[in-house]
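Copied over from TrEMBL, here are the features:
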- 5-21: transmembrane segment (TRANSMEM)
- 22-277: domain 'NADH:quinone oxidoreductase/Mrp antiporter transmembrane' (DOMAIN)
- 58-78: transmembrane segment (TRANSMEM)
- 90-112: transmembrane segment (TRANSMEM)
- 146-169: transmembrane segment (TRANSMEM)
- 190-211: transmembrane segment (TRANSMEM)
- 231-251: transmembrane segment (TRANSMEM)
- 263-283: transmembrane segment (TRANSMEM)
- 303-326: transmembrane segment (TRANSMEM)
Amino acid sequence: MFLNYFLFLFMLLFSIIIAISSTSWFILWLALEINTLSFCGMIFSWKSKNSSESSMKYFLAQSFSSAIFIFSAMWNFSNFFQINSTLNTLFINLMLMMLVFKLGMIPFHIWFTTLLPKLSWENSFMILSLQKIIPLWAINSISDKTILILCVIFSAILSPILGFGILIIKSMLAYSSISHLAWMTASMMYNSNIWLTYLIIYSFTTLAFLYPAYFMKMTQLNQSSFQNLTLFMKFSILFSLLSMGGLPPFLGFFPKWLIINILWNSHFITLILIVSSLINLFFYTRVSYASIFISSNPNKTMFLSSSISSLFLLISTLMSPFIFLFV
């Protein structure tokens, strides 16, 4: 099993290298197909009860988007439609939408949010990190990204709303990933390569959170899951969540600060992204506080107290870096 898994992993990494070094859309599409087949093989290698279903669902979603993507690319870069700017723009937008589909961003998120909870921990990390590289690289290579603004806005607004209150770890990570993708794709509209820095840091923070969850066989963020953890492990998970939420001075805040500097003139998008992160961060702090610091069987008063306390902690921590401006 492990030999097959690492063989498919090697093919997956090889497809990423092909994609980022290619200068042809056909070669990039070919790398996407190798990437899809490799990851399907990695899913199937675990031989779990959901492996066949998950592998087929991922294959169908990726194949559908790849077919429309290569069709749009062929017509867009042929000489037939060069004189018709409207059709040219249509095919470029179709290419962008199919790449967004591959990433699982809103409104194409259903396959992603239903697939991730059924994957193994190893494959969950892969789909949250390495599997984003080729679609993001392709999006960054397209010059006209106007329609991408809508996907950024929808993903930033709806992902924290849809993910709010979800305690299942993998489902929570799915909606958190969509929120982070909104930040990455927003930076691309200004032809910035900061998305790559963001993806690397996001992958590290996600791994830092997934490792203790995998080690302790946690499936949900609740009090029963935290009962057998050491204090160090509890705070490790807490700090990982805060870093994923982008709370300063944790590592996850750094790429968001860089993107805010780029988007400073786009006040509307910047505001939406910040509010989206604050909602996610509020949920993370509330869940962490309730799970780590409160005893078992909390009543409604204790739950309300944890919400107020976590909100106060969030506001005070966010304000602390700016206190020095008034000294």
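Glycine residues also receive a Cβ, built from the backbone N, Cα and C atoms like all the rest.
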Intrachain neighbours beyond the transmembrane segment (58-78), with Cβ under 8 angstroms and 6 or more residues off its ends:
25-26, 29, 32-33, 36-37, 39-40, 43, 87-88, 91-92, 94-95, 98-99, 101-102, 111-112, 115
By a Cβ-Cβ criterion of under 8 Å, what residues six or more beyond either terminus of the transmembrane segment (146-169) are in contact with it?
93, 96-97, 100, 105-107, 109, 113, 117, 139, 175-176, 178-179, 181-183, 185-186, 188-189, 213, 218-222, 269, 272-273, 276, 279-280, 283, 287
